[in-house]
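Report on the following structure.
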């Protein structure tokens, strides 16, 4: 009987979890909670079961796989396209690879269009369903970093192509690489790698824990970095003041008086333990300053940094499951918004909006590819060489157009596959009917009431079973007592 009670309770618990998980808008409402409430709610079993079911659904896995492949293509195309073409800006350069540059540009355009459209779909779905969540994510610096990365890639593509074409046509005869272009390419590369880390962190707990802990550590040491920067700046200026010897009134000498990168570099290398004994002997006036600096920065501040990092890492590891739960809720919210966007598109709620957007994206892609083809042709004409066509078509532009059409077909197939996968998923009942307000208190209250009701029913089942057993025992005792009393009466009568 006890085994039956446990199995009944487990069955009712699974039914309760399924009913809560099938509520339409549950994850969206979770995202509207405050930070601490969201973290605590995300680690409950009922929410974890809902998150696991959504993350490992066919639609989520296919979308994650498709995005993962495009992230890898994105960074490979960037490094093989604009990043490498930047080193061949000279008009006399003959090591330029036209086919590689053109193919990389086509794939970059495809990735830019895909991620931009995906961002637009998620934003429209969130703005229509949860405006508060939409504006919160729009003002989130981490969320804005993804948009900034796409803009930086587009800037590098157009800047490299423009300079490459101008120098090939003879408009600009310079051969140097602009510093702003070097900075743009160098800054965009780590941002693309960070996008890959942000994409794969949801599918491995250890990796997600390490990434989230690193983010928490950087957040905790921000004020320490400010103090360290002030200390390095102060000692760097003191070093310049004690070691400066006037030579002449040249511009470089004047710059050294007011702002010396050499002084900052020396202060930083001393902090890391690189001591220049010859410089100390040459300028004996900085010996006392060197001792004070090594004690204050190398010994005190760096040990404080170690203590802050150790404490922050320990706290982050202790709360890793909570932070991972919050990240999983945000990821599932994006998946549900994507699902909602496809459903709204299928039902025609957007009207002709997406047709217009697709037309704009097609025109943008075609113009960009035509620009890249013109640049390659100008570069080949300047070199007096020809490129061996990959597909055997008569012109390079025709081959580029064929590749562009293939990529467009792949993107169109992606939307059809998404609609097909969505058709295989069940629809939950409306969450709005279950709740009058989507505030923190009401959500927790309704969730607690639902749990209390279902748990109360399970406890009632156990209580009824106990009452039945008690009644059966009482009946047996009364029958035995009655039989005993009858025997006593017979003995007395005899």
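In case you wondered, yes, glycine gets a Cβ from its N, Cα and C as well.
Per TrEMBL, the feature transmembrane segment maps to 55-80 (among others).
Restricting the average to the domain 'Ion transport' (94-315) gives a pLDDT of 79. The annotation domain 'Ion transport' is assigned in TrEMBL to 94-315.
Same-chain neighbours of the transmembrane segment (100-117): 70, 73-74, 76-78, 80-82, 84-85, 146, 150, 153-154, 157, 161, 357, 361, 364-365, 368-369, 372-373, 376, 396, 400, 403-404, 407, 411, counting only residues six or more beyond its ends whose CB sits under 8 Å from a CB of the stretch. The transmembrane segment feature in TrEMBL is assigned to 100-117 (among others).
Sequence annotations record features per position, and here TrEMBL assigns transmembrane segment to 223-244 (among others).
Feature annotation from TrEMBL assigns transmembrane segment to 287-310 (among others). Outside the transmembrane segment (287-310) by six or more residues, the chain places 217, 220-221, 224, 227-228, 231-232, 235, 238-239, 242, 267, 270-271, 273, 275, 280 with a CB less than 8 A from a CB of the stretch.
The transmembrane segment feature in TrEMBL is assigned to 389-413 (among others).
The annotation region 'Disordered' is assigned in TrEMBL to 466-494.
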